[in-house]
Amino acid sequence: MSFFRIGKRNKKKNKKEIQLKEQQKLKEQKKQSEKEKEKEKEKEVVKTNEYTIKKSKETKQYLETYFSNLNKSSLERMKRRREFEENLKSQNLPKKEYSRIRDEFYKKENAQNRLKTKKLQASDFEILKIIGKGAFGIVSLAREKSTGDVYAMKILNKQKMIKQGQVDHAKTERDLMVTIDNPWIVTLYYSFQDENYLYLIMDYIAGGDMMTHLIKREILSEEETKFYIAETIVAVSTVHQMGFIHRDLKPDNLLIDKRGHITLTDFGLSKGYKSIRKEMEEEKEFKIPEKKKHKNSTTNKKLRQKAWKARRKLAYSTVGTPDYIAIEIFWRKGYSETCDWWSLGVIMFEMIFGFPPFASESRRETFQMILNWKEYLIFPEDIYVSDEAKDLISKLVCSPKDRLGNNGVQEIKNHPFFNDIDWDLVEKRQKEPLYIPEVSGITDTRHFEDFEDEFSSDEDDSLLSDEDQKQLEKQDQFAGYTYKRVNKQRPKVFIQEWLTNFEQNEKKKKKVRVKKKKK
């Protein structure tokens with residue numbers, strides 16, 4: 001009996017121990033579950049905080065930009081009106097003309113002030129003609145409906161910018177044009193966005209771009225080349241002084257204004273160097289060519305010119321070209337502002353000889369030639385070029401460590417090729433150009449390529465991933481993109497243009513009166 005009781009007691013004891021263990025296990029599981037819930041809550045709080053911090057930064061950025069522009073706008077308006085009154089008085093005009101020009105100036109001034117307070121949208125502009133096309137959008141000649149002012153309007157597709165990793169490029173381009181305010185850089189007046197597009201409203205430079213000019217002219221004289229290269233040096237150095245590097249300097253980014261001077265822009269419509277290099281590396285059997293010199297004959301030159309002429313006409317397309325990109329950018333080992341001077345040397349070569357030094361029938365070959373630039377930088381013998389010009393090109397299209405400009409832009413200015421250049425006149429845009437484009441009016445587009453005058457929002461769109469689409473919907477990537485310049489009007493220019501138009505109208509009226517008398 002005692003043995004049976006002991007066994008029964010042990011069973012009860014074991015049962016209690018099992019129950020206690022199970023209870024303990026349940027408690028531990030409950031604690032673990034509570035800990036996991038706490039962790040999840042903490043993660044949610046962190047996510048919420050990150051989103052809040054991000055939104056706070058964006059709001060702060062927007063408010064700082066808004067109030068900075070507001071203050072700048074007020075000061076600039078006072079300065080502009082004072083300048084207008086002083087210039088107008090100095091003209092000694094009759095009272096009637098004085099009143100008319102004054103009324104017209106302030107009428108336009110008020111219209112533009114109203115425009116600054118309005119939220120801009122694409123429907124505020126009428127597209128007159130497409131003057132440029134590229135991988136991410138178009139550039140058009142557009143008229144602002146309320147003021148009648150004419151601009152170059154750049155429209156960029158957000159989906160394509162995100163998919164191709166060009167968001168930072170779009171922001172940098174906008175920031176550069178906002179930061180730099182001088183006649184060498186195309187003026188940005190407004191930037192805004194909608195659900196699908198980014199818009200940049202800029203000065204319309206009616207003389208066209210250097211690429212179109214070169215297609216028409218084939219080659220330029222050394223004197224013309226010297227003028228354009230000197231002005232481009234000053235333009236690019238102003239970009240460098242503000243802490244920017246162009247990286248994509250080429251003839252289609254050099255605009256010629258109606259007075260014949262260079263204005264620098266970056267339409268940013270062709271593929272960047274990263275995508276070009278990626279495509280080259282994805283080519284089957286990609287390899288660097290053997291280091292042998294190509295034939296330097298007139299026949300070879302003509303073949304290269306023929307190939308490059310066709311290539312130049314595709315420059316506005318989605319194809320893109322590596323012809324002007326410095327070798328160190330392809331190396332991916334870091335680069336400095338001197339990469340722009342390599343591009344300048346390539347442009348100078350093209351102006352004189354009619355084609356870039358590394359032009360070929362395919363981008364793959366061009367890429368390989370740039371990597372082996374020592375073997376392929378050859379000067380054709382059938383065009384006379386001064387030793388100074390050849391020497392300058394050789395000291396720009398070379399290894400970064402040997403390149404002119406490493407010790408500042410003055411190094412380039414001091415080169416013997418520029419011995420007869422008055423840099424003071426160049427910097428003031430007072431050196432007389434050898435070519436002045438014929439421009440009949442503010443909507444004259446004869447100096448630009450002809451494109452289909454139709455812009456389809458669905459054209460060549462590619463679908464985004466779900467993640468990219470969410471980012472696009474949030475609009476976070478393009479926060480702070482909106483910008484409005486204080487005012488477009490320049491008092492002195494306004495007065496000169498008004499008086500010119502007035503004189504022309506008076507002459508026409510006089511001719512009409514003479515004809516009537518004869519009858």
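Just so it is clear, glycine is given a Cβ too, placed from its N, Cα and C backbone atoms.
Because TrEMBL annotations are produced automatically, they should be read as predictions rather than curated entries.
Model, not experiment: these values are computed from the prediction.
TrEMBL annotations:
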COMPBIAS  1-15  compositional bias 'Basic residues'
REGION    1-47  region 'Disordered'
COMPBIAS  16-47  compositional bias 'Basic and acidic residues'
DOMAIN    125-418  domain 'Protein kinase'
BINDING   K154  ATP binding site
DOMAIN    419-493  domain 'AGC-kinase C-terminal'
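Beyond its flanks by at least six residues, the compositional bias 'Basic and acidic residues' (16-47) meets no residue of its own chain at a Cβ-Cβ distance under 8 Å. Mean per-residue pLDDT, taken over the domain 'AGC-kinase C-terminal' (419-493), amounts to 74. The DSSP breakdown of the compositional bias 'Basic and acidic residues' (16-47) into helical (H, G, I), extended (E, B) and coil residues amounts to 32 helix, 0 strand, 0 coil.
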